[in-house]
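Presented below is the structure to which this report refers.
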Amino acid sequence: MSLFDHSVSELHKKLNNKEISVTDLVEESYKRIADVEDNVKAFLTLDEENARAKAKELDAKIGAEDNGLLFGMPIGVKDNIVTNGLRTTCASKILANFDPIYDATVVQKLKAADTITIGKLNMDEFAMGSSNENSGFYATKNPWNLDYVPGGSSGGSAAAVAAGEVLFSLGSDTGGSIRQPAAYCGVVGLKPTYGRVSRYGLVAFASSLDQIGPITRTVEDNAYLLQAISGLDRMDATSANVEVGNYLAGLTGDVKGLRIAVPKEYLGEGVGEEARESVLAALKVLEGMGATWEEVSLPHSKYALATYYLLSSSEASANLSRFDGVRYGVRSDNVNNLMDLYKNTRSEGFGDEVKRRIMLGTFALSSGYYDAYYKKAQQVRTLIKNDFENVFANYDVIIGPTTPTPAFKVGEKVDDPMTMYANDILTIPVNLAGVPAISVPCGFGANNMPLGLQIIGKHFDEATIYRVAHAFEQATDHHTKKASL
């Protein structure tokens, strides 16, 4: 039995009782990485020397009264979250040798909580993708079946947890990039409310949509991690000055009287029968615990995909303009003048999907097209947000599938961008509205790959979605199933 089969609270107790050491936890992580990483390919960079030194330092503090629950816990960090002195590439060749000179706020918070960073995790380049096949280095595989994708863009973050390489990880979610891979890999992934967690030190893809969040084996562990990284940050102008409650206090298993909304659009056209049936089965479980549900409509959700790709690509076009070979990152050797420097550095450094989205965004923002595309997309975004607010006026949570289907095979959709984009039709509206949502395991498809249940909450009401997710988790055994890698 792996140490990572235990929860954070169980491991904390074992540490305090000196049944295990922090070094044991770190070595467990690196041993597992040595055993499976050649197949899974979840990591881009390991930090073994520093992690082992930190473990030795923390071993001397075991038993101290001020040791928090995350003391000594091994974590993986998505490679678009900057880490001081530890290579951060965004899985792009243009940043292949970039060593940041500061830590992201979430990394600072986790260091203050005495977690240990095991390494940086693979992803779709600049977080643009749904399968991890867009990494500029190599594709991560799904631990449940190596012929299948782990999802994206936080595929490395989800795969590392599912494979038992780390206890938990950080991902980022712009249109579903935490929840979709969590669903595909059979783990728990939360996208917090926009502004709940600082984005300072997150390399921007789409600044009005990006949000950092936790990926874990259980809902309880997820709540521990969110508790540690949440809160106002003066270094992030979009960080919200909203009190962070005690997420653990609400994990009572009680959902009696809970009002659940189920959008008909989330069980209709484009959603597979397996995903639909898994949600209906989950609703039956929650009904048996005293919750009620009704069908509702999010009428503008059918426009979410087009709206998202116009807005996110426009923001990416602006954000990625900084990668030009002048200040940092890879610089092309094929340069005769300044224009060559810009053009060749970006042409050689960016992958196809990143170029595709930059081109789309630049077009949408260009003179003569701005009103027809970008401005119109912003107006539709407001309508989508209003749809959520209207539903939440009468219901506590919204529930549906995380993805239309289970994970698909490697190479199956990589040459068809529109089919690939459609994997995110159920997660994208949440980002456009800025509300929080969690994906928890809820069954398996005919291909024996995991399915995820998406629970969506009101702005800054992560406590309620944790309560519902935990109650469902404890009433079922889906979270106890593990990839037999």
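Glycine too: its Cβ is placed from the backbone N, Cα and C atoms.
Around LYS78 (active site, charge relay system), the C-beta neighbours below 8 angstroms that are at least 6 residues distant in the chain are LYS120, LEU121, MET123, SER154, GLY156, SER157, SER169, LEU170, GLY171, SER172. In the three-state DSSP classification, LYS78 (active site, charge relay system) falls within a strand. What Swiss-Prot records for LYS78 (among others) is active site, charge relay system.
Secondary structure at SER153 (active site, charge relay system), taken from DSSP and collapsed to helix, strand or coil, is coil. For SER153 (among others), the entry in Swiss-Prot reads active site, charge relay system, with the evidence type sequence analysis.
Annotation source Swiss-Prot lists active site, acyl-ester intermediate at SER177, citing sequence analysis. According to DSSP, SER177 (active site, acyl-ester intermediate) is assigned to coil rather than to any helix or strand. All protein chains included, SER177 (active site, acyl-ester intermediate) registers 36 other Cβ atoms within 10 Å of its own Cβ.
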Between the Cα atoms of SER153 (active site, charge relay system) and SER177 (active site, acyl-ester intermediate), what distance do you get, rounded to the nearest Å?
5
